[in-house]
Amino acid sequence: MNDELKSFRVCLKCCLLDHSSLHSIILSFSAFFLFTFIVPLATSLSIITNTTPSSVVSFHRLAQLPTSGLATIAFIIFTAFIRRHGGLRRLLFLDDGMQRDTSLVRRRYAIEINRTFRRHLALILLPSFSLELAHKIVLFSSVHVRMPFFTDALHNINYDVSWRAVVFLLVLASWIYRTTVFLLVCVLFRLTCELQILRFEGLYEMFKVDRSEVEWAEVIFKEHGRIKMQLLETSHRYRAFLIACMVAITVSQLGTLILVLSSKAPKDFCNTGDLLVCSVVQLSGFVMCLFGAARITHRAQRVVSIASKWHIRMSCLSKCKHVSDSTEEDGYTSDYDHPAYQPAQHGSKASNNMQLSSMEETAASSIRQALVTYLHYNSGGITIFGFALDRGLLHTLFAFEMTLVLWILSKVVVLS
């Protein structure tokens, strides 16, 4: 586990998001302002059209707003994370919790970290980039490109071709940077949830041990409290990001739907390809965050049922053991019916032992019941201002978004 975050750090350096030194911080902020604001503004002013419908340029400029907005939100959140917590290891709870985790959980950490990039980041970024590249090739083959703030008299054929290639590369570089920044924060949140799921699986294994002592219940209580505090801190860190993304994506998607449906221009891949790619990236990243939060929340809620089964199993084992001891004691005393034997003294000792064992079992059962009750009232996972991000909340969000979409469609149909 000495270098389990190597792939993550390499990805941050390639995306100019490394904040390990003053030089890298200056380079990171410079790249952010360049690729998030300056390049999209300059390229939007450079693209003009004469023969094709003007909606091509309008839709292209419209797609820049939500892409830059989400990249800005993600960059601000990521910068705040690094400034407050000082590194990725503390951000992912690898410094304080690694020594307390089991060896199996520690081994699965490295596997999960390496698999996160292939399964989440590359799975979204590569198909989206292929679609974006195909759209930009079609777009730049049907529009004119000029240097902004200069007259067309300064242009010739060779200069126009060269500037077209420069703008094409700048547009792709800006899209890759903004999309990667947004998806990296989404992947970071999903990775945090996956690592906490591994810790919950380690907690599940603790309930499989047939130990009914008070000390073992205390160990389980402390382990759950540690995971609970990490979940509360994760919820506090990412709630601003999740709320800001939900608002930005909702406004951009509904606004785009209104503008596209109200436009009289033809809707084809050249016109609305930017909006298509933008929507795919937005929804993929946000849904990835929601599914990760829902998974960890239901893992946290599952602890209650597992603890209840453990409490029932331990109670049954203790009852069977108590009955077995009582049977053996009765059989032992029945073998000594000779008058020379004094069973009173032996019966008194056995009665005291059984009473002490019964009191210990009653105390252990009470502690287990208190633990189950505690887990029942502290079973929340990822929360936003007290609302657990589970399947119920996801169904509510889906119904709310669908209601807005149907309302917009009804207004468009009426106006048309």
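Quick reminder: no glycine exception, Cβ is built from N, Cα and C everywhere.
TrEMBL labels come from automatic prediction, so no person has curated them.
A quick note: this is a predicted structure, and the numbers were derived from the prediction, not measured.
Annotation source TrEMBL lists transmembrane segment at 21-42 (among others).
Look at TrEMBL and you will find 62-82 (among others) tagged as transmembrane segment.
Sequence annotations record features per position, and here TrEMBL assigns transmembrane segment to 121-145 (among others). Here the transmembrane segment (121-145) has Cβ contacts under 8 Å with residues 11, 46-50, 52, 56-57, 60, 160, 163-164, 167-168, 171-172, 175-176, 179-180, 183-184, 187, 269-270, 273-274, 276-277, 280-281, 284-285, 288 of the same chain, all six or more residues outside its ends.
Beyond its flanks by at least six residues, the transmembrane segment (165-189) meets 11-12, 15-17, 31-32, 35-36, 39-40, 42-43, 46-47, 67-68, 70-71, 73-75, 77-78, 81, 91, 116-117, 120-121, 124-125, 128-129, 132-133, 136, 140, 145, 234, 238, 241, 281, 285-286, 288-289, 292-293 of its own chain at Cβ-Cβ distances under 8 Å. Feature annotation from TrEMBL assigns transmembrane segment to 165-189 (among others).
Per TrEMBL, transmembrane segment is recorded for 238-261 (among others).
Remote same-chain residues near the transmembrane segment (273-293) are listed as 59-60, 62-63, 66-67, 70, 120, 124, 128, 131-132, 134-135, 138-139, 179, 182-183, 186-187, 189-190, 193-194, 238, 242, 245-246, 249, 252-253, 256, 260, 381-382, 389, 394, 397 (criterion: CB distance under 8 Å, separation of at least six residues from the stretch ends). According to TrEMBL, the transmembrane segment annotation covers 273-293 (among others).
Taken from TrEMBL, the feature transmembrane segment applies to 392-410 (among others). Sequence-distant contacts of the transmembrane segment (392-410) (same chain, six or more residues past either end, CB-CB distance under 8 Å): 246, 250, 254, 257-258, 261, 290, 294.
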